[in-house]
Amino acid sequence: MPNRDTQSQNDTPRHSPEAAEPQRDSLFAAPIAKLGDWTFDEKVAEVFPDMIQRSVPGYSNIISMIGMLAERFVQPNSQIYDLGCSLGAATLSMRRNIKAEGCKIIAVDNSPAMVERCRRHIDAFRAETPVDVVEADILDIKLENASMVVLNFTLQFLEPANRQRLLNQVYQGLRPGGALVLSEKFSFADHNVGELLFNMHHDFKRANGYSELEISQKRSMLENVMLTDSVETHKNRLHQAGFEHAEVWFQCFNFGSLIALKAGEAQ
């Protein structure tokens, strides 16, 4: 079997349009007469890489650090889950960095458009660790033999009543010594802090080329489907699920990521 230390060299792009420069997001550049709720449809999937880079501060840092965390936490002969995988950025980052042998990544999303493009994106790169891309509701996935689970800006789109249930399932499916990475947009009890970080995020999007119209229309579409929680709420849920350790490891404005650890020695 090939040496895992050479995997980063093996995870190289094939000739594929999925590895090309992302298409620029201009979905909301013109006024939309009737704004519905946000959906991850074909139009969004087409511009998603550009959209998320220009909308989520620190996104590229989180993605690269997820790879480093995978190198540390992924155990031999285990499974890794990317729940709400979108186009597979976190999956690819983990696959580039996994050194343990006998592993498989299971990437799950409920958007047909995202899943189709994710499969093409994953297939555009060669690597040793196999990836299964699954179109499904993440609540219906039975997590087994997991050493690492990623929820990268996914939980906030789940009905609040189902969030504890999902975290319980993640904890039960993790091996001892396993890790969950939970990235989210945060809300804040302190109104002044929340308003400051909201405005800084607004400035970030403006600096990345979004107009006031684009920012406003996208926010209107998201407000009923992306419901954010405070860091304290996330920690309480994680502890209730059984995680012995949970802490924020990255934050930029009102976006950040927590890591939650299941106690015990890695197997």
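Just so it is clear, glycine is given a Cβ too, placed from its N, Cα and C backbone atoms.
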Which of Asn152, Asn192, Asn199, Asn236 belongs with Tyr59, Gly84, Cys85, Ser86, Asp109, Asn110, Asp137, Ile138, Arg219 in the S-adenosyl-L-methionine site listed by Swiss-Prot:
Asn152
Among the binding-site residues Asp109, Asp137, whose Cβ has the fewest other Cβ atoms within 10 Å?
Asp137
Hey, what's the widest CA-to-CA gap across Tyr59, Gly84, Cys85, Ser86, Asp109, Asn110, Asp137, Ile138, Asn152, Arg219, the S-adenosyl-L-methionine contacts in the record, in Å?
25
